[in-house]
Amino acid sequence: MALGGGPLGAIIGRYPSFAAADDQDPGGGVIRHDRKCRDWPFLLLFAAFWVAMIVNSSFGFNQGNPLRLTFGLDYKGNICGSRHADPDLRELDVRYWMNPNQVYQSGLKSSHISLPDAKAICLMECPLPAEDGLNFVCDYPEGDIRLSVDDWIDRDYDYFEFLTPDMRNSSLQLQGPCYPVIFPSVNVYWSCQFITRASNVSLKHWQQMGGVSIDENMLVDKTIHNAINSKSAVLKRYVADIRKSWPVLIVCGGLLPLFLSVIWLMMIRYFVAGMPWITVVVFNALVISVTMFFYIKAGWIGHDPLTVVIGESDPYVNIGGREINHLHAASVLMTVIMILAFLTSIAIARRILIATSVLKVAAKVIGEVQALIIFPVVPFLILAIFYIFWFSAMLHLFSAGQVIKNDCNTDCCSYDLKLGRVNCDSCCGYSIHYTPHIGIAILFHFLCCYWATQFFIGCSSTVIAGSVASYYWARGEISHDIPFHTVVSSLKRLVRYSLGSVALGSLIVSIIEWVRFILETLRRRLKFVDSAHDSWFGKTVSSSSQCCLGCIDWTLKSVNRNAYIMIAITGKEFFKASALATGLIMKNVLRIGKVNVIGDVILMLGKLCVSLLCALFAFIMLDKHKYRSGQNKISSPLVPVLVSWALGYIVAKLFFAVVEMSIDTIILSFCQDTEEHQGNARYAPPLLMETLDEESELQRLAEGP
């Protein structure tokens with residue numbers, strides 16, 4: 001394709017904006033020539049995806065209950081802490097297993113009973129053995145027990161003295177309705193974790209009363225511990241942490257990155273010479289700070305590590321969990337990132353002068369088209385509304401399982417207060433049943449989120465590219481009294497002609513990301529079922545495939561960004577715009593590569609600075625008493641901090657696209673300008689010519705900082 005005399009040349013070179021017939025649109029002759037709707041089938045596909053996401057989310061809203069992510073079920077299938085249960089459990093949010101022998105038996109490998117089948121009720125707090133006697137925890141008062149729930153609570157759940165002789169006899173057989181408190185317990189994530197050190201005083205009183213033998217075995221402790229720290233339980237707690245920490249996400253994932261990004265753009269506009277150095281220094285300081293916070297919460301520094309116990313606990317009891325192990329892994333990862341960040345800063349120190357020159361070009365554009373600083377607020381608000389809906393739907397989808405009575409194959413009996421006798425026909429407990437369809441719905445929900453995020457970022461980038469292209473081809477003659485009109489005109493062109501192309505570009509990136517995710521999931525599964533995978537050949541193939549997919553993903557994102565620029569300039573469909581952009585870059589790769597890459601590195605560090613500062617503030621907010629005790633206690637700061645980090649990065653990406661797309665658009669326009677005018681860019685501003693001139697660049701490098 002002859003770029004100089006082909007279609008692109010006809011659009012750009014022969015229709016200068018200041019000579020355009022459309023005087024209402026600066027750059028109109030360049031930008032608006034020969035436009036029509038492109039890639040519209042993919043816009044329809046994107047709309048269909050939105051409809052499917054809404055239907056998928058409605059299933060979660062109808063079937064889900066976020067309380068299931070935090071609290072357990074009692075033996076009746078009620079969610080602890082639920083006001084809609086029978087009886088009302090709104091203040092009774094701690095699950096307690098009444099029969100210690102059932103807990104022990106559920107831990108035996110040969111047993112048919114499982115922990116969900118062991119009789120559990122909901123209490124306000126975990127009971128403790130009496131110091132000089134024997135405490136009982138009795139079933140919910142009903143039938144012949146004429147006590148209200150409030151009176152039952154006031155009596156510490158003990159109405160043993162009101163039992164008939166038959167009830168007392170069944171209780172001594174560990175069949176209820178009252179059960180002895182023999183083992184101390186602590187509240188670990190809203191379940192009473194037994195501690196295997198039975199109270200000798202209580203056990204002696206129990207034996208004197210003629211109670212059956214109680215198993216004193218480590219399985220009583222271990223069985224509950226394994227259930228609380230299972231992978232599914234930890235995943236539920238991590239999702240529940242998002243719900244509990246929503247004020248932190250709003251501040252650190254929305255408002256704070258918005259403020260920091262605008263400040264960074266303003267500093268680029270008025271203090272461009274020092275920004276690369278400031279960015280590098282602040283980036284390293286923030287990486288070190290976030291790493292230190294991970295060390296503190298992992299218990300490697302100071303005396304304020306994460307605790308899994310809710311409320312007061314025995315200081316001599318140390319109960320760990322998967323969350324602490326995950327914090328240890330995150331601390332090691334952050335240490336590696338900190339070392340790599342420091343080495344990268346050293347490597348780019350001598351190239352920062354080039355980045356300064358590139359950023360000066362972008363600062364010039366922002367100064368002329370000042371609306372570019374404000375425009376990203378529009379996609380920011382759209383994404384904010386979308387994420388509020390998406391996170392709410394995600395919480396309901398993760399809790400959308402059905403509460404179903406277990407089909408247990410065991411013999412057990414318990415006293416039924418309504419029937420007034422021991423009942424051996426209903427000893428199975430309840431569990432939340434998750435079907436494969438729910439897993440598919442959750443994966444689809446994440447795919448929709450990623451595609452929608454990429455789509456909105458692509459739309460924002462395309463509008464910015466169209467505005468900057470108008471500035472370039474107008475030779476800087478855009479009037480200062482209409483800076484907003486350039487952005488508004490670019491937005492209108494996007495909505496009218498190019499939404500389908502942006503939908504296609506964002507879909508391609510989303511597909512590649514999901515292929516990487518699926519392959520990584522398969523690789524992890526095969527690692528456990530295929531011993532041959534541990535061979536040298538298997539590891540090499542796995543690593544190579546992941547590396548190749550990562551390179552393809554990075555390349556596609558770069559191609560997408562340049563394609564959006566050519567879409568904004570030419571109005572071509574996505575693949576043709578990608579070909580035009582790639583052709584221009586390949587012809588000028590040696591000239592612009594070294595200039596553009598170092599600028600991209602500084603911009604990337606800037607985005608990481610914003611997101612790291614969001615993560616740091618998230619740590620600080622989560623360190624308050626509100627999130628360390630009571631119902632708002634989070635299981636780990638890891639997920640809220642990572643979500644704040646991700647949201648901060650997305651917001652920063654929206655705003656930093658002003659500088660990023662300004663640089664890339666002007667460079668692509670410069671390349672085409674050079675092609676059309678025999679190597680001499682006619683429309684390029686003097687500052688850009690100076691930046692891209694090789695001799696002046698080498699001279700600056702020789703002089704040093």
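Note that Cβ sites are derived from N, Cα and C of the backbone, with glycine treated the same way.
As the structure is a computational prediction, the values presented were derived from the model and not from experiment.
Listed features, source TrEMBL:
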type	residues	note
TRANSMEM	42-61	transmembrane segment
TRANSMEM	246-265	transmembrane segment
TRANSMEM	277-296	transmembrane segment
TRANSMEM	327-348	transmembrane segment
TRANSMEM	369-390	transmembrane segment
TRANSMEM	494-519	transmembrane segment
TRANSMEM	601-622	transmembrane segment
TRANSMEM	642-659	transmembrane segment
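Within the chain, the transmembrane segment (642-659) has long-range Cβ neighbours (under 8 A, six or more residues past its boundaries) at 242, 248-249, 252-254, 256-258, 260-262, 264-265, 268, 359, 362, 366, 372-373, 375-376, 379-380, 383, 387, 453, 457, 460-461, 464, 603, 606-608, 610-615, 617-618. 601-622 is the stretch from 42-61, 327-348, 369-390, 601-622 with the greatest number of Cβ pairs below 8 Å to the transmembrane segment (277-296). Taking every recorded stretch in 327-348, 369-390, 494-519, 601-622 and counting its Cβ pairs under 8 Å to the transmembrane segment (42-61), the highest total belongs to 494-519.
By the Cβ criterion (distance under 8 Å, sequence gap of 6 or more), the transmembrane segment (369-390) is counted as touching the transmembrane segment (246-265), at least 3 such pairs being found. For the transmembrane segment (246-265), the list of distant contacts is 275, 366, 373, 376-377, 380, 384, 391, 606, 609-611, 613-615, 617-618, 621-622, 627, 640, 643-644, 646-649, 651-652, 654-656, 658-659: same-chain residues at least six beyond its ends, Cβ to Cβ under 8 Å.
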